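Report on one structure; see the data block that follows.
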């Protein structure tokens with residue numbers, strides 16, 4: 001990750017550095033809030049209360065977190081192979097297309113079959129969309145950052161074309177498909193609990209959250225407990241050593257990109273099959289890009305990614321409440337606050353890492 | 001029992017008077033993803049709401065969406081907090097509004113640009129093709145090369161509806177005229193890419209177009225700048241954009257979302273708010289073309305007469321403007 005690795009105790013690396021980054025982001029954001037004449041402490045309270053104090057808030061927070069877990073894991077898997085997959089948006093877009101094609105085509109299937117099929121199709125479409133840049137990187141040396149960005153544009157163009165000319169509902173103003181059959185719907189948590197007589201507020205939180213946690217566990221298994229995961233990490237850590245060990249870099253590159261794209265594609269299960277029940281434009285809403293920050297913050301470890309996703313879920317949901325209760329704080333302010341968190345967690349990581357490294361080093365010397 | 005009936009009667013009477021005076025309204029607005037200050041569609045609603053606030057002193061609340069999931073959340077939140085009428089801006093709000101309107105049968109909802117059939121929803125749609133027809137006619141009359149241009153934002157049915165009406169207007173005035181058409185892009189960014197808008201306009205000018213109409217939100221700012229810089233004429237959209245480059249903007253196709261907003265709020269205040277579909281075309285002054293000091297010199301009496309006559313013919317039904325949305329085709 002960084003050119004000169006700074007030795008930190010594990011707990012400091014995984015907990016202290018991200019915590020400091022978030023704290024710093026909140027302090028700066030607080031100053032901005034102060035500058036526009038609002039009370040930062042009160043605003044922080046509204047933000048946290050809005051995200052965590054009510055059933056509805058928690059539901060929305062976890063719903064957002066579901067998206068971030070998928071895209072964060074996608075970035076992380078590619079990252080372990082030394083690849084920077086910025087194409088989460090495009091891969092998720094294609095995932096949506098895959099899910100929609102299955103849900104619209106096989107309407108007569110029962111739900112227990114249709115939902116997994118839709119999810120598989122979403123993952124497969126995302127994976128194939130990521131395979132092309134993966135192939136170009138592996139065989140042609142086209143840089144993955146450039147190609148994945150370009151593939152985001154291509155995915156978006158493809159979706160507009162299909163929704164406007166082919167798949168769209170005739171006579172509808174907005175470019176979107178018809179609503180899926182109820183069997184294709186991933187049940188909301190409030191629907192599931194209602195069956196057992198438990199009433200909770202209506203939120204978009206649905207079964208995909210469980211899928212996201214399962215995916216996080218799966219990624220952990222893959223990266224740290226399988227031969228393939230070992231090969232991926234080896235390629236990422238030292239490509240020359242990987243070649244020396246008989247690992248085919250181009251093969252691993254393509255496989256890692258496919259897994260990454262498949263994870264990003266699963267975002268569509270949450271958005272398309274869980275919440276919208278139809279395919280529409282721009283449902284990816286930038287989650288693919290936030291996934292990069294989530295993976296950086298979570299140190300590309302599934303546990304870290306789930307925690308970072310929760311943090312961003314809190315920012316999104318709490319931010320909505322904040323914009324609601326404080327008309328002076330617009331949605332652009334909320335973007336600024338999330339942007340600061342990304343800045344400190346991602347780009348300015350070294351700001352805390354370097355002094356902390358010196359601090360711990362001097363302590364170690366003191367101990368010795 | 002008797003006291004209960006009396007109480008009920010009193011409650012109804014009280015409720016009735018409150019309705020008749022109808023002063024305690026708490027209006028709210030949910031803008032679409034474009035945001036409150038998009039210089040065009042959403043901003044029209046904002047302008048209308050501000051005007052209403054100035055006229056009546058009634059405060060309103062508003063919210064700018066950031067993603068699709070917030071649509072339902074925001075509408076529900078406003079409804080739960082007792083806001084009414086709640087104006088939802090943009091066709092994308094329809095499915096969320098349909099759900100929330102059912103949950104809160106006592107709240108009033110006004111939807112702009114799309115129709116939702118529910119007993120507490122007022123839907124306001126515009127005949128953009130009629131307004132586009134008139135500016136197309138003016139463009140053809142103002143063009144010296146016989147070639148005019150159209151720059152759309154994102155390639156969606158709504159924008160094709162603008163383009164289709166425009167082409168019909170051009171051909172109505174000059175059957176041999178040629179219309180060059182471009183869409184800016186395929187993502188939401190297409191609504192806010194003035195640089196690309198300017199490039200498309202320049203390309204059309206190079207191919208001979210000397211009047212260019214845009215229906216592209218913020219992208220259109222670049223279209224108007226490019227036409228003004230090249231000494232050609234642009235045509236604005238949604239809000240009156242004549243003043244952006246005085247003397248260089250032939251006219252603007254006005255979509256009176258501001259009037260629609262004020263009317264909806266006023267009706268709620270006076271207790272005359274009614275659900276159902278309102279279609280605002282030329283006849284209802286819902287669409288129009290702008291004539292003011294900035295473009296007075298560009299519109300010859302002959303052009304004005306032709307446009308006025310066409311407008312009258314459309315209102316009377318003598319001239320029919322085909323609506324792209326009716327069959328997804330443009331003649």
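Glycine residues also receive a Cβ, built from the backbone N, Cα and C atoms like all the rest.
Here TrEMBL flags A:15-36 (among others) as transmembrane segment.
Annotation comment: TrEMBL describes A:57-79 (among others) as transmembrane segment. Sequence-distant contacts of the transmembrane segment (A:57-79), counting only residues of its own chain at least 6 positions beyond either end whose CB sits under 8 Å from a CB of the stretch, comprise 49-51, 85, 88, 91-92, 144, 189-190, 200-201, 203-206, 208-209, 212-213, 215-216, 219, 222-223, 232, 236, 256-257, 259-264, 266-267, 270-271, 275, 285, 287-288, 290-292, 294-295, 298, 300-302, 305-306, 308-310, 312-314, 316-318, 320-321.
For A:111-132 (among others), the entry in TrEMBL reads transmembrane segment. Long-range contacts of the transmembrane segment (A:111-132) within the same chain, counting only residues at least 6 positions beyond its ends with a Cβ under 8 Å from a Cβ of the stretch, are 85, 87, 90-92, 94-99, 101-103, 147-148, 151, 155, 181-186, 211, 254, 257-266, 268-269, 272-273.
The list of residues near the transmembrane segment (A:144-164) in space but at least 6 beyond its ends in sequence, with Cβ under 8 angstroms from a Cβ of it, reads 78, 83-87, 89-91, 93-94, 96-97, 129-130, 132-134, 136-137, 175-177, 257, 279-282, 288. Here TrEMBL flags A:144-164 (among others) as transmembrane segment.
Among the features that TrEMBL reports, transmembrane segment is placed at A:205-223 (among others). Within the chain, the transmembrane segment (A:205-223) has long-range Cβ neighbours (under 8 A, six or more residues past its boundaries) at 59-60, 62-63, 65-66, 69-70, 73, 76-77, 80, 119, 186-190, 192, 229, 232-233, 259, 263, 266, 269-270, 273-275, 301-303, 305-306.
Taken from TrEMBL, the feature transmembrane segment covers A:243-267 (among others). Counting residues 6+ beyond its ends, the transmembrane segment (A:243-267) has Cβ neighbours under 8 Å at 67, 70-71, 73-75, 77-78, 80-81, 83, 85, 87-88, 91-92, 94-96, 98, 119, 122-131, 133-135, 137-139, 144, 208, 211-212, 215, 219, 222, 228, 231-232, 234-235, 284, 287-288, 291 in the same chain.
For A:279-296 (among others), the entry in TrEMBL reads transmembrane segment.
What TrEMBL lists as transmembrane segment is A:303-319 (among others).
The transmembrane segment annotation in TrEMBL covers A:334-356 (among others). If one looks beyond the transmembrane segment (A:334-356) by at least 6 residues along the same chain, the residues whose Cβ comes under 8 Å of a Cβ in the stretch are 2, 6, 8, 12, 16-18, 20-22, 24-26, 28-29, 32, 290, 292-293, 296-297, 308, 311-312, 315-316, 319-320, 322-323.
Within the same chain, residues 14, 18, 22, 46-52, 57, 60-69, 72-73, 76, 213, 216, 220, 290, 293-295, 297, 331, 334, 337-338, 341, 345 sit at least 6 positions outside the transmembrane segment (A:303-319) and bring their C-beta atoms closer than 8 Å to a C-beta of that stretch.
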